Structures are given as structure tokens and as C-alpha cells.
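Some features that TrEMBL has for this protein:
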| type | residues | note |
| --- | --- | --- |
| DOMAIN | 23-288 | domain 'NADH:quinone oxidoreductase/Mrp antiporter transmembrane' |
| DOMAIN | 290-342 | domain 'NADH dehydrogenase subunit 2 C-terminal' |
| TRANSMEM | 12-33 | transmembrane segment |
| TRANSMEM | 60-80 | transmembrane segment |
| TRANSMEM | 92-115 | transmembrane segment |
| TRANSMEM | 152-171 | transmembrane segment |
| TRANSMEM | 178-196 | transmembrane segment |
| TRANSMEM | 202-219 | transmembrane segment |
| TRANSMEM | 240-257 | transmembrane segment |
| TRANSMEM | 277-294 | transmembrane segment |
| TRANSMEM | 326-348 | transmembrane segment |
Amino acid sequence: MNPYILSTITMALGLGTTITFASSHWLLAWMGLEINTLAILPLMAQHHHPRAVEAATKYFLTQAAAAATLLFASTTNAWLTGQWEISQMSHPISLTMAVMALALKIGLAPVHSWLPEVLQGLDLTTGLVMSTWQKLAPFALLLQLNTPATSTTLLAMGILSTLVGGWGGLNQTQLRKILAYSSIAHLGWMTLALQFLPSLTLLTLLTYLVMTFSMFLIFKINKATTVNQLSLSWAKTPPLAAAAPLVLLSLGGLPPLTGFMPKWLIMHELTKQDLPALATIAALSALLSLYFYLRLSYAMALTVPPNNIAGTPAWRFPSLQLTLPLALSTTATLALLPLAPGVFALLAP
């Protein structure tokens, strides 16, 4: 892609998210979401592959439906209450419609089915943008709609997302679909904490962004899109093949890795709020997710490609990709759990 076009699209992505962050009026927030959607579509369809064009079309239709529902909900609220401010959305029908529209935008269950299909049609770089940056603006609006009237809806969507994210990834062989179901499961954990401790939701979102960034970059350096291709990792990048299983286990939430911290704090908060059943179901769903992370770890670290000794080169081409971002994000993914007591003290009311 032309560098000038790419820089324009990148600035439009940043502008759309910033407008939504800074807005207190529904119309301005809606405009920011639309700028965000229109900016990423050229990135999605840039390779002119039928799968990429199909993914861009599906994404456009889904986001257009969510944006139309959001605009209808805000207009209905303004008609019934005379208020356009985001914090003043009080009518229960408008509130429920807005929450469902934002859930559709980020891919929460039960309106999640577009996310694995769209992510499967994208290259890993665009998939990384869609799995991280595109979640920020709708989540900022969802944080502002956090009221007692939406409590039951958000808790139901959160626990359903953790279950769907765990079950959906079990039988997948495509890495991008596995990452999509991983995204759904992590969004469910964030939504569970949203009602009780919004700062904990932001912490979970931040750790998810760091871990997902590492995982996408690892797959991109290995040029892997299926589970079978991961078995070639030892021949390409042995240090990365050794570190990648730890990143996967951090995504699964195993101690002593960083991914354990948000899950631990969320389960603590749920039990403190007298919701032990939700905490138990969420923990069991994390075991489902852990299973397919272990599958990827096995494919990457415990299998070897079917080559004989003579067919295995004693040298490798040096990687031309930037490795400093991957090194920083991998370090953060693996080593931040000792900060948990300090984080817990900051989050405590």
C-alpha cells in the first residue's frame, strides 16, 4: 500500500477513536465509530483476495447494523427524555439497544458469530489492528453505559462469552479463528468485572492487548496461519519457539504469568459480590480456553517438522521484521504478575 495512503488511514483510525473517547454527545460518538469503521475497510481489502474482500464486506455490514442500532437507540432516548448526553441515557429500551449494539461492535456473545469469520479472511497485521485497536472506542462507550439497569444484561453476556470463547476454539485448526475465540472469551471476562470495578476491566483490557500483540507478532514472524505450520517454528526461530508456549499459557491465565493476574482479581471480585456460581463457571470456561492454548503449545514446542537430517539447513535467513516491540510485549506478558499486590491495592476502594 502507498505510504501516504497508509498514513492517512492510520491517522483516520486514531482520529475516530479519539473523537469517541472525547465525546459526551451520542452523535459525536457515533461519528467517531463510523470514521473508525471506514478507515479500517481499505486495510482489510488491500490484498484483493476473495477471502479478504468477503471479510471486509461482512465486517462493513455488521458494523453498519450496529451503528444504525446505536443511532436509533440514542435518537429514541433523545425523543423520550430530551437528553443527547451519553451519561444521561436512562430509558431502559434505549439503554438495552445501545448495549446490544456495542456488544455487536466488539463481538460479545450472543452477537459474536461475525468475528471468527472476519478475522479468518484477514492478514495477521490487519487482524491485530482489529483485535486490539478497534475494541477501544466501543468499550469506552460501554464503560459509560455501566448502570444498574444494564447489570443483568452485561453479566449474562459476559458469562456466555467466556463459555462460547472456550467451546468455540476447541475444534479449530486455523490460528486466526482460535485468536478470535480467545478474544471473545477475554471480552467476557472484562464484561463480568464491568459492573463492579471498571478499573479492573481496564486492567484486563490492557493485559489482553499486550498478550494478543505478542501472539500476533509471533505468528507473523513464523508466517503461520494453521496449527500444523507451527511445527516448523523450531527450524525458523528457536528462541521464539521456546518463548511462544509461555505467551500462550499466559493467555490461558496460568500462574506465575501475567495473564493470571486479571483472572485472579476478577474471580476475587465476583466472590466478594456474592456471585460464587458465576466465578465457578468463569473458571471452568478458562479451562476450556487453556486446552486449545495447550494444543498450540504442543504443536509449537513438542513437535518437529518431518525432515531428515540432510534436509535440515544448518543456517537461517535473518528476520527482517522489527523484534523490539515483540521483545517488550513478551516481557510484559510473562513477568508482570509480581505487581499484582500493588495493583490490588490500587483497585481496592
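One-based numbering along the chain as shown.
Each Cβ is built from the backbone N, Cα and C atoms, and glycine gets one as well.
Using the rule of three or more Cβ pairs under 8 Å, pairs at least 6 apart in sequence, the transmembrane segment (240-257) is in contact with the transmembrane segment (326-348). Away from its own ends, the transmembrane segment (326-348) comes close to residues 197, 199-200, 203, 207, 210-211, 213-214, 217-218, 221, 243, 246-247, 250, 255-261, 264-265 of its chain (Cβ-Cβ under 8 Å, at least six residues beyond either end). The predicted model assigns the domain 'NADH dehydrogenase subunit 2 C-terminal' (290-342) a mean pLDDT of 75.
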